[in-house]
Amino acid sequence: MKKISSLVLFLLSTVTAFGQSGQAIEMADTLRRDGKIWVVVATIAVSFAGLAIYLIRIDRKLNRLERVQKDNARH
Amino acid sequence: MKMIYHSWWKWTALVLIFSSIFTGLLLPVPRLAILHETIRNLYFHVPMWMGMLTVFIISVFYSINYLRTGKQEYDLASAECVKTGLFFYAMGLITGMIWAKFTWGDYWSNDPKQNSAAIGCLLYCAYMILRNSIEEEQKRGKIAAIYNIFAFPIMVVLIFILPRMTDSLHPGSGGNSAFGKYDLDNGMKVAFYPAMLGWSLVAIWIATLRYRMQLIDYNQNQVT
């Protein structure tokens, strides 16, 4: 969810820059401002979000395995 | 132990780290010589050690509990905490080495902090070898627990005390500038504390996942 929402956020931020183009062709959208540090932030944020999802999935899988084992022990 | 099945603290951990990625990279930091922008490593390198310390403390707690009660689960919990701690140990060393390459000029320059961190790493590698080399469950648990209880204070002295008493070049040691009492910056706390807490919780989370995996395996072997 986080990955998608941050992606949407960045996409939206370029839309506003696009709409403002009048006389000068505005190329520097948000991701290129501030020495492009936002690109680094996005990269790290996305990779961390991926890792987080990975951890959550392992957690869920373990939940399922524990349930199965508990059921097996009962029968 | 019921805590490990709850999810609120796991979400807290993820939110804290996620926020620290943004605040840590974007908020202004003090302009210090030598450190420059690498002062931001405080938000990403130091929490690795915090995570390591957290799971090592928990492993000592379970080692003591194992010796008191003799419950096999405690031995498993303690061992899995050490394994997770070793992972964060490696991450701390590697991130430190990358920083050292661009600050001190070399990945490894035999700085007291680096050397004692390496010795501490070997100390815990020895724990793994010792534990894995004993077949018999109770003997393994006892020896591993006792070793672990003694290894922990030695590791703390090696990493956190000795380098500070010598002329280490590491920030915070020997009068080198760092986040500390000399240049306490309130702005940095916004990113630093969430990162420390978040990574500690993630370290605990990974340790619990490993522990639950071992527990399933252990129960399976009990049944058959």
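Going from the start of the chain as shown, residues are counted 1 onward.
Note: Cβ is positioned from N, Cα and C throughout, glycine not excepted.
Note that the structure is predicted; figures quoted are calculated from it, not measured.
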* To do: Tell me which range among B:24-44, B:45-65 TrEMBL lists as transmembrane segment.
  => B:45-65
* In the same chain, which residue numbers or ranges, 6 or more beyond the ends of the transmembrane segment (B:86-104), come under 8 angstroms Cβ to Cβ? -> 34-35, 38, 41, 44-45, 48-49, 51-52, 55, 111, 113-114, 117-118, 120-121, 124-125, 128, 169, 199, 203, 206
* Structure fact -> Of the listed stretches B:45-65, B:116-134, B:146-163, the one with the highest count of C-beta pairs below 8 angstroms to the transmembrane segment (B:190-209) is B:45-65
* Number of helical, extended and coil residues in the domain 'Cytochrome c assembly protein' (B:36-163), per DSSP -> 112 helix, 0 strand, 16 coil
